[in-house]
Structure formats: structure tokens, C-alpha cells
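Here is what Swiss-Prot records for this protein:
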- 67-96: repeat 'ANK 1' (REPEAT)
- 100-131: repeat 'ANK 2' (REPEAT)
- 203-233: repeat 'ANK 3' (REPEAT)
- 237-267: repeat 'ANK 4' (REPEAT)
- 292-321: repeat 'ANK 5' (REPEAT)
- 323-347: repeat 'ANK 6' (REPEAT)
Amino acid sequence: MSVEYYLSLYAKYNSKNLDVFRNMLQVIEPSGNYHILHAYCGIKGLDERFIEELLHRGYSPNETDDDGNYPLHIASKINNNRIVAMLLVHGADPNACDKHNKTPLYYLSGTDDEVIERINLLVQYGAKINNSVDEEGCGPLLACTDPSERVFKKIMSIGFEARIVDKFGKNHIHRHLMSDNPKASTISWMMKLGISPSKPDHDGNTPLHIVCSKTVKYVDIINLLLPSTDVNKQNKFGDSPLTLLIKTLSPAHLINKLISTSNVITDQTVNICIFYDRDDVLEIINDKGKQYDSTDFKMAVEVGSIRCVKYLLDNDIICEDAMYYAVLSEYETMVDYLLFNHFSVDSIVNGHTCMSECVRLNNPVILSKLMLHNPTSETMYITMKEIEKDKLDKSIIIPFIAYFVLMHPDFCKNCRYFTSYKRFVTDYVHEGVSYEVFDDYF
């Protein structure tokens, strides 16, 4: 093993001695194989004299390691301003870009004083302010998603444009809201600096869209952004801040806050309330003056929203054919709820009955529930006609029809009903049976 290899191992040693380090350097020729300078620049709290010795020995501050990092980037990332200064004095390029197309100015970790000191150092040695754009289309300031006010204003004072957006159209407020812990105070001073709180990005999302879509609801931020944004403004996916709040199961009082600022409640908002089973929000919307009708009840049945069905039912809003749509959706719980509330099993839509659709869906469980609730003879007649017309499998309904006829003697007294029933059963019993063996006898 070369001495340079042992020098790379020494970088990991906790108690480093500068004299030992110098002795090791005396027998080393820089090879570039072990990225020695990079390794030592990445040690937190390292005495800058170690770096100075490496630089004097011939290690270049302008070479990249295997990850595309320069020593200056590494020192900036770990917030070691003394090493940053040492590298700059020895010719490190403050405008070099790593593999993410970021210059050292992008790495602004540390306290406000430390960050401002590092900015001053980099600018003093020629860092260019406005010509670096990373992979997301951000300059150094825009890439910093959670800056302090002091740092933000410091960078602006040396030439950064505060109103730029990234390649997705997101400005500083958008990007701050995407950080782990966005703060209303940060957004407030950004707004005072002229950054728009209502600007949509390329997907049509305003800052209010973003904060309303977050799992954690930052009420203070919503209150701050609410006056500047229409809560019904849709992004390109059709979502508004209001619908995003509903979709993320936000508390009703917060949704009410947005509704109170809106002059119009759209049908889309009502539909989303129903889809997400938000009867509490339906009540808020109703108090706002929105009227519901049978179409809303039908949708609630189709999506299986028991709460919304109950709310609408309590407010005398129904759909006469609700049972039919519950069968189509195959929501057994909804079927049970409607049966309990005495909804008719005799719904007929476009010639289809609830029973014929059970056969079409091959759902004997729901069929058995419906047959126990006494469909009329006319309904059963239409059911048989529909099954025969569409050539559906009769096997699951034959036992139910036989029992129905047995329990309804009047059914057979009607010539039309009885003839249809006889043909229905006879065709099923004789289906696929060949009588060719009897040809010689006739």
C-alpha cells in the first residue's frame, strides 16, 4: 500500500497530529487516486492548517472527486468557513459547478452569521451571482427553500433577483411551502419583498394550492394566503385549494374558512364532498345556500357514501331509482341501508330492473336480498324478458323465480306473466338437450 493510502485512512482518525501529518506528507507525491484534499475538507472542525499543508504539497483545489464534488463545495456543505477561505486564497474556483450544476453559493448551511460570512468570502473571490442555474432551474437563492430573512436579504443585496422562478414555474413562496417546516413569518416577509403569493406555477398551482394539499395543515399560512387567492381557482388537474382541502380530509372548520370567502360553490366541490363521504361539508355548503337534488343523491349511492345519503335523506332529497344504482355499484352495505329505509326494489331504468342487473353482474348475494323484499309481479315479468333479450345466464335466478311464483299464486293467473314464466323455465331446462335420438319414432 502507498503512503498516500495511509494518509487517506488517517483522515478518519479522531486524534490527528499536525506534525505526524507533515511527516507523512514529506514522502508523498500527489497521485489523485485517493482524493486526499476532498477527504480532509469534509472533516468537521478540522484545523485549516491541515488543508494548507496539502495545498503546499501540490494537491489541487480545482479537481473533482468521484462524485463530481470540488473541495470548495465540500467545505461549504459542512460549514467550515476557515477552510473555505484557505481554498479560495490558494486559487479554488468559486464558480465551479458540481454534477448538480451547483456552485458553492448553493450550499448555505449554518447560522446566519456563518452563512453571511461565507457569502462575503465567495463574492470577494469572484463568485458570480446571477449566472448559475441548477438542474431544477434555480439560482442559489431560489434553491434555498428555508432561508432566514437576514440571509435572504443579504443575497438580494448583492444582486440576486427575488422574483425568478424555477423550471416548474415555482417562485420562492412555492418552494418554501415544499420544505419540511414552512413558516408564515417567512412567507410574510417574502411577500413584503414583492414575491407574489398568488402566482400559479406551470401546473396552475398557487401557493394556496400547495399548502392546502399538505398533510399537516398550516392554518396560519392559509390565513395569510387566503386574501390573495380565489379558493375555486383550478390547476391543470382540475383541483382548487378548496377541493384539495376536502380531498386531504381536512377538518370542517378549516374548509368552512375557505368556503366563507367564496361567492360560488361549484358542482365539482359538491361531487368531491360526496366522493370523500364529507356530509359535514355538505351541511356547510347547504348553509351557504347551495341546493341539492336527486342527482346528488344518485351520486352518493353510486360511490357508496352512506353518510351523504343519510344527510340528503334527512333533508328530503332522494332519487327514486336509488336501489338500481346501488345494485350497479355492487355496494352491499348501501343496498342494505336503502332496503332498511324502504327504498323500492322495483326500480326500472332503461328497461333494466334491479334483479336483471344482479343476473348480469352474477351477484346472487344482492339478488337474494332484493328477492326477500317482495318485488312486484310486473317487475319480475320485465326481469325475465330482459334476461332473455340479453341472453344472460339464468342459473342464479331460476330458484328465486320458482320461489317467487310459489309465494305469489296470482302471478300464474295472469296469462302474460304465466306464459313468460313457462317459456323462461322451459327454455332453461331444455337448453342444450338434443332430441335427435327420437327422430325415428315421429
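Note that Cβ sites are derived from N, Cα and C of the backbone, with glycine treated the same way.
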I'd like the per-state residue tally for the repeat 'ANK 2' (100-131) from DSSP, helix first, then strand, then coil. 16 helix, 0 strand, 16 coil
Mind checking which residues of the chain, 6+ beyond the ends of the repeat 'ANK 6' (323-347), have their Cβ under 8 Å from one of its Cβ atoms? 298, 301-304, 306, 309-310, 313, 353-355, 357-358, 361, 363, 365-366, 369-370, 373-376, 378-379
In this predicted model, what is the average pLDDT of the repeat 'ANK 1' (67-96)? 94
When DSSP states are grouped into helix, strand and coil, how many residues of the repeat 'ANK 1' (67-96) land in each? 16 helix, 0 strand, 14 coil
Go ahead and report the DSSP secondary structure tallies for the repeat 'ANK 5' (292-321): helix first, then strand, then coil. 19 helix, 0 strand, 11 coil
